[in-house]
């Protein structure tokens, strides 16, 4: 068992910790020994065996547990990203509190005796919304991301002048635990290939961090040409199925001497809604790791613990069609989404033990799990009934619809409303040209749900209505593109909709504050509204329930529900899409729940259709690989890839 520690370090002890770090900083160094193809830590040969963990995907109260398990697995280093959009929600507004306190995470890594490889971006991919870049950058529609565009560089410079000086005391030679820092991320996979941009970043990092910290780049083998830069140490990433000998030989063309490094060795893979759950076999992962360690390479395993895309933070890919990433980021990693050791972990630990000493003692057992239910949810009312609470400042008016970015709504939902100026007595085609729905539109006429339009997938509905009828379109941002050569991914209605032959104009746009409604206003027991006879379309449901005893981690199962968002005790647990899969349950960490009989509240925003019995259950194990609905997509052409086909994607 890990020694019990206080949940937070009292403020009075922080200066003492800083002083102790300083006292030990004098002779500390982490450098490349090119002559002998190795790293040196404090002058002694060193090889890191590292794992990726993202503090922004794990509740803060669980950081210490996950890091301790990584150390007990034989790792000596943890690698993690810093998502810019998580810390600067508005230009010049910074948040390093609570779950965003990455310095507390650095301290927890130090307590766990783990060194740190830091990847601050500015772009990180990570299957995170917009690859970590803040959506407010797109308020300048012509901005060129990840280039020498002055507007982009000005924003990057401003952010790094806040972040990097705060990291400076944590550099290894200053007494901290950060041994190296990555510049950008897999830049060779981006279309721009702007070496001026990379040189600017390298100069900025040096100016703010000094010349003693090791700076490096990471790219897939195909990206080394545009991603590497003289003066930055070049590393590569690849998985168990790739040809290690060939890739390391290619790396040597860019970094002739020094240690071989695989900065992202894939232990698993990500999942997309509508496709099968991804897995990587234990034997393939362990064999690949063993082969690299025999070569003397340093390795970081991506991911070692994946965690969860809580809230609206998931990213997306575009490979023939728009592919949003699931809420679960379990990744088939050695430590499961619920923080449990898996057979893959024990197999990797055995491999690591052949090459270096691992800590004595057993790994902690799986956490206690809880089953509960079924529970019946009660109808709170349709979303439109709460519009005054969801958008208290009132709508924004425009002749043509505006994007999320134009109305300064980074994520979540915007309601678009207009009124028919003529009667449509026969079913008439309703569509948005140029694939202009980003990403899903829930269409209602006079409050009656008509159906869904979906980016790349379903492009039209047929509507009727009388003159003056109210046309509402709830637009859902399903996550911005996060990898590779993606262009700026604007959200909302990007073109004016067309009904029959007429372009619809005179729009009202309501940026919705759904999280605030759930967290602050629903508990006030809002006056009950009139309910539709057969609820359909965007509708709120909720119930309360006690947990007797201590409870445990659990997995929310929503049988028969279609698609929507879930909150537990005001915390945004993430998206569910039971109808499409493969993920059928949502991970509920035990710290989110009140135990010993206190009442917990669960709220659902179901966006499409409610089951005949609006019930939920809490299970003691996840369901991440349900493929019953794997072909539930709207195929537009023979070229559209079926949902069950494997996708070959690279990069994080």
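Cβ from N, Cα, C; glycine included.
Annotation comment: TrEMBL describes 186 as active site, proton donor. Marked as active site, nucleophile by TrEMBL: 264. Sequence annotations record features per position, and here TrEMBL assigns domain 'Glycoside hydrolase 35 catalytic' to 39-354. What TrEMBL lists as domain 'Beta-galactosidase 1-like first all-beta' is 401-513. Sequence annotations record features per position, and here TrEMBL assigns domain 'Beta-galactosidase galactose-binding' to 538-594.
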Can you tell me how far the Cα of the residue listed as 'active site, nucleophile' sits from the Cα of the residue listed as 'active site, proton donor', in Å?
11
When the domain 'Beta-galactosidase galactose-binding' (538-594) is classified with DSSP, how many of its residues are helical, how many are strand and how many are coil?
3 helix, 28 strand, 26 coil
Please report the number of other Cβ atoms within 10 Å of the Cβ of residue 186 (active site, proton donor).
26
